[in-house]
Ligand SMILES: [Zn+2]
C-alpha cells in the first residue's frame, strides 16, 4: 500500500486528474526515487518500521521492483517473507558450503569428534548440521541484496507535505517506471483501496496480457512464518535425532524430545487453515469488488487525525479522480479488478501454498545429517569412506524430492478440509488437534513404508547389502514421486474445476 495511508496532504483532484490525463507521468524527476532492497530489510525491516529514512533513497530513472503492501499487515511477517525471498538463495549456498567445509575438516581430523555423553561416547552427529543451520540464519539476517526497489516509507518524503503531494500524484509514473511489481499479499490486501489501485494501475500501464502477468510477483506473507516453522522443525528433529540416537530411552525423554515439534505442527495446522480462509475471502472480495466498499485509512478514523485531532482530507476523492483518469470510469476500473486482477490472484496464489522449488530448498538441510555420518566414519577409520558408505548421502533425497512434498500436499488437503472456522475457541482448537493427528498419520504411513523390512520388499533376494539399498532407494523414490505427482496434480485439477464452476 502506498505511503499516503496516514496524514495525506490535500491534493486538488482536478489538478491530479489533469496531470494524469497526459498519461502516467512523474510530476518532477526528483520524486522518482529508489533504494536498495537491503536498505529496507536491514535491522530486521527498518523500512517498514522506522521514520526519517528518506535519505536512504536516491533519484533513479528506472525502478527494478515496486513493493506493494498493506500497512495493516504485521511488519515482522512482511520482513521475514522478503528476507526469505531475497536472501534465501544465498543462504542455501552458504549453508551447504559451510556444511561441506565442516565435513572435510572433521573427516581430516582438524576438528575433534565429540562423543555422546549419555550413550557410551557413540558418535554425536551435530557438526555439519550446526554449521549449516548457523550459516542459514546469519545469511538470511545479514545478506545485502542490492536490487533497486521502491518502498513508500523510504522513497516518499513522509515529513515534507509538498514533496509527499508530488510523489502521490506521481504514483502512476512510479508504477510505469517499475520493471516489476512485488505484492506482499495478506488478508487485508484486497480490502485496501490504495493496494488495489496500485495493482490495477500497474496492469493498466503494461501492454499485452503476458507482459502483465510476468511482471507481477505475488508473495504471500505467510511464506516467512512458514519457512521459519519448517526450518525450526528440521533443527529440532535433527538435534533430537543426535541427542536420542536410539528409541530405547525413558518415555519422558521421548515426549520431551517430541513436544516442541508437536507444538510447531499445531501452529502450522492453525496457520494453514487460516491461509485457506484468507485466500478464499480475498478472491470473493475481488469477484464482487466495488470501489465504494474498499477501505481507506482516512475513512476508518472519520477524517480526524487520532493523535492531533486535526481534520484529514479524504483519499477517496483523489483516488476516484485517479481511477477516472486512468480507466475512463469507475465501472471500467471495477471490471478490470473483477477480471484481470482476480485472474492474476487466482493463478499465482492458485492451489498450492508452496512451490515445489520452495519445498526443495527448505528441505535440503536434511543433507547435513549424512555429511556428519560420513565425516565421523572418515575420522574414526582414518580413511576416505568407500562408495558403499557414500550411498548414505542419497537416503535423504527420498525425503527431499518426494516424501517431503507429499507430506505438504497431504497437509494442504487436510487443512483445506478443516478450514472452516468454529465460533467456539475450544472447538476450533480441537479441530487443530485433529489436523495434527491426521498429519502424524501421514508421517507414520511414510515412515512405515520407507522402513519396510527386507523380506517385505520385492527385491528381498538382493545378494549384497549395497545392492538391496540401491534397489530400495530407487523403489522408494519411484513410488513416492509417482504418488506425490498424482496427488499434486489432482489438487490442481480440482481447484481449476472449482474456479471454472464459480466463474
Ligand atoms: Zn476518507
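Numbering starts at 1 and runs along the chain as displayed.
Using the three backbone atoms N, Cα and C, a Cβ is placed for every residue, glycine included.
Range annotated as transmembrane segment by TrEMBL, chosen from 200-221, 222-243, 288-309, 310-331: 222-243. Taking TrEMBL as the reference, the stretch among 249-269, 333-353 described by the feature transmembrane segment is residues 249-269. From the options 124-143, 144-163, 164-183, the stretch TrEMBL describes as transmembrane segment is 124-143. Against the transmembrane segment (222-243), stretch 354-371 has more CB pairs under 8 A than any other of 80-104, 124-143, 354-371, 426-450, 470-490. Tallying C-beta pairs under 8 angstroms between the transmembrane segment (80-104) and each of 124-143, 249-269, 354-371, 426-450, 470-490 places 124-143 first. Ranked by number of Cβ pairs under 8 Å to the transmembrane segment (249-269), the listed stretches 124-143, 354-371, 426-450, 470-490 are led by 426-450. Sequence-remote contacts of a segment are chain residues at least 6 beyond its ends whose Cβ falls under 8 Å from one of its Cβ atoms, and for the transmembrane segment (124-143) they are 38, 44, 83-84, 86-88, 90-92, 94-103, 106, 111, 114-116, 231, 235, 238-239, 241-242, 365, 368-369, 371-373, 375-376.
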